[in-house]
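See below for the structure under consideration.
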Amino acid sequence: MNSKFIVIEGLEGAGKTTARDTVVATLRAQGINDIVFTREPGGTPLAEKLRDLIKQGIDGEVLTDKAEVLMLYAARVQLVENVIKPALARGSWVVGDRHDLSSQAYQGGGRGIDINLMTSLRDTVLGEFRPDLTLYLDLPPVIGLARARARGELDRIEQESLAFFERTRERYLELAATDSSIKTIDASQPLEQVSESISQVLKQWLTSRETA
């Protein structure tokens, strides 16, 4: 089977790390072992520096919403062009912790940045490049934030209000409802059930690719 780009999405505390482990185990059970992992923002030296600025800020300077989204897209295009596309070209599968859907949901939904600007940024920076499959881990923000807080110190974005994450989730769900490549997983279930749901969805998707 040709190499594919699979992305895991969701709010803070949705369980993306566990989901990644499930995706990898499922792929390997199907004989797919050449797997590259990415995270966004990040994944290249420049993108990691931008990640630190986005997550932590610098010297107390207010990071404007538009500056934030432009930094995210700068980090993203570095990762796509320098890591993801070359990996796919040489036959590796890529499993990503977040991609463009995060910006559409967090900045477009949570921050309220104009949807036309968000679409224009995506199309200008990424062109037609899209993930082959996105697994969106959906859960109420109040649950996700409680999990995130239990992990320890929160970053700049994790400290946003509950209303911010409600808007972000709403945009995630809107986008998932209109894109068949986005599969929604109920991440409020017990962990074992979430992993089973992910594995089933991925197996079905792999089977559909083989018979297409």
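Positions of Cβ are set from backbone N, Cα and C atoms, glycine also.
Taken from Swiss-Prot, the feature ATP binding site applies to G10, L11, E12, G13, A14, G15, K16, T17, supported by sequence analysis.
Summarising the environment of G10 (ATP binding site), the number of other Cβ atoms within 10 Å of its Cβ, over all protein chains shown, is 25. Cβ proximity to the ATP site centre (mean Cβ of G10, L11, E12, G13, A14, G15, K16, T17, cutoff 8 Å) flags the following additional same-chain residues: A19, L137, L139, G144, R147, A148, A187. Non-local neighbourhood of G13 (ATP binding site): L139, I143, G144, L145, A146, R147, A148, R151, each in the same chain, at least six residues away, with C-beta under 8 Å from its C-beta. Minimal Cβ crowding within 10 Å, among the binding-site residues L11, E12, G15, K16, T17, is found at T17. Neighbour density for A14 (ATP binding site): within 10 A of its CB lie 25 other CB atoms from the protein chains shown.
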